[in-house]
Amino acid sequence: MAKEKFERKKPHVNVGTIGHVDHGKTTLTAAITTIMAKKYGGTAKAYDQIDAAPEERERGITISTAHVEYESASRHYAHVDCPGHADYVKNMITGAAQMDGAILVVSAADGPMPQTREHILLSRQVGVPYIVVFMNKADMVDDPELLELVEMEVRDLLSSYDFPGDDIPIIVGSALKALEGEDSDIGVKAIEKLVETMDSYIPEPVRNIDKPFLLPIEDVFSISGRGTVVTGRVESGIVKVGEEVEIVGIRDTQKTTCTGVEMFRKLLDEGRAGDNVGVLLRGTKRDEVERGQVLAKPGTIKPHTKFEAEVYVLSKEEGGRHTPFFNGYRPQFYFRTTDVTGTCDLPSGVEMVMPGDNVQLVVSLHAPIAMDEGLRFAIREGGRTVGAGVVAKIIE
């Protein structure tokens, strides 16, 4: 058994607790780490250790997040918990904490509340693929019919945001009782059941290396006698010498062939996710490629100009704008390696957006950018970051 502790061969999955304030997210996080540490090794974290989350800066945005980790029978989990609602908004929009799945905590005594709804909407917008529900504070509810009612409400709410409400697993328990060590169905057993459910319901994420090849172009050189080289860090997948690739974004998509891959001045057979490489392109002229385009496996990514976005606008304290912006606002949108000007349409009924707000916008870019739903971007004015966003839905 002692050997088990040092096994780091388990697959790694990122999760987080979401839900309304005071419904017990942090208590649940503490309970999971405590109970899993006893079973599989690792460090138990107390409520106040998690609650005093350190401030981090992600793209200039101040976010308080607690990171804990624990093992289950088959996995290693990294788990994020945020102290305040604003921290969740910022975390999910910037992608500072990518979640392969979320644990939605709902108090059985109160049922779904405004932030429950908002966190489900955010999960949908930023592409959190799976949600598991923990109905907390079950020790405070004597009436089984009330539990059923709350469960139905939660399922309806999830369905209304396009999650499979009828099929989502709901575990009923009391994080507090579990933390106190009570070995009842709503105590320790409920936490064990929750983690087993995460193991079975949240699929293992596709590793970057297994996704299609994508390289955001940072620089372009021409090497006399050899042709044009583009450089950048491979975001996903693998490119092999001799393979056909597409240059996507800003201009019309063009096909070319990778005739060489170089890293640290050495020639390689392939470039893999995470590598900083130079890729030699056959027959492509220096002025046909530019920073801000991507090199990609043919047919896997398309250029778009119009999309719905979920956006967080930096507060004045974070170095953002001091004044609101209105419909027709035209900042720069920074995607991967470059800025593109775009125009913002506010939702009907929204007159203006204040610093510190989060909002859904429709963005129309002045040049097409290679994108998929879930792509993060920054909003800038003259090189200064004033917001962060994520592509929620592509329109055209």
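Each Cβ is built from the backbone N, Cα and C atoms, and glycine gets one as well.
Note that this is a predicted model, so its numbers are computed, not measured.
Taken from Swiss-Prot, the feature domain 'tr-type G' covers 10-206.
Annotation source Swiss-Prot lists region 'G1' at 19-26, citing similarity to another entry. Note on the region 'G1' (19-26): residues 47, 50-51, 66, 81, 83-85, 104-107, 110, 112-116, 119, 136-137, 175-176 of its chain, located 6 or more positions outside it, place their CB under 8 angstroms from a CB of the stretch.
Residues within less than 8 Å, Cβ to Cβ, of Asp22 (GTP binding site) and separated from it by at least 6 positions along the same chain comprise Ser107. Look at Swiss-Prot and you will find 19-26, 81-85, 136-139 tagged as GTP binding site.
In the three-state DSSP assignment, the secondary structure recorded for Thr26 (Mg(2+) binding site) is helix. Neighbour count (other Cβ atoms within 10 Å of the Cβ, all protein chains): 23 for Thr26 (Mg(2+) binding site). Annotation comment: Swiss-Prot describes Thr26 as Mg(2+) binding site, evidence class sequence analysis.
Feature annotation from Swiss-Prot assigns region 'G2' to 60-64; the stated evidence is similarity to another entry. Confidence over the region 'G2' (60-64), given as mean pLDDT on the 0 to 100 scale, stands at 89.
Helix, strand and coil residue tallies for the region 'G3' (81-84), in that order: 0 helix, 1 strand, 3 coil [DSSP]. What Swiss-Prot lists as region 'G3' is 81-84, and the listing cites similarity to another entry.
Annotated region 'G4' per Swiss-Prot: 136-139, in sequence order. With a cut-off of 8 Å between Cβ atoms, the residues of this chain six or more beyond the region 'G4' (136-139) that come close are 23-24, 27-28, 105-109, 147, 172-177, 186, 190.
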Chain residues in Cβ proximity to the region 'G2' (60-64) (below 8 Å; excluding those fewer than six residues from its ends, i.e. six or more beyond): 53-54, 82-84, 87, 90-91, 94, 96, 312, 314, 317-319, 385, 388
Secondary structure tally of the region 'G2' (60-64) (DSSP, helix then strand then coil): 0 helix, 4 strand, 1 coil
Lowest local Cβ density (other Cβ within 10 Å) among binding-site residues: Lys25, His85: His85
Inter-residue C-alpha distance, Cys82 (GTP binding site) and Thr26 (Mg(2+) binding site) (nearest angstrom): 8
Local backbone state of His85 (GTP binding site), from DSSP in three classes: helix
Reduced DSSP assignment, Gly19 (GTP binding site): strand
Local Cβ density at Gly19 (GTP binding site) - other Cβ atoms counted within 10 Å: 26
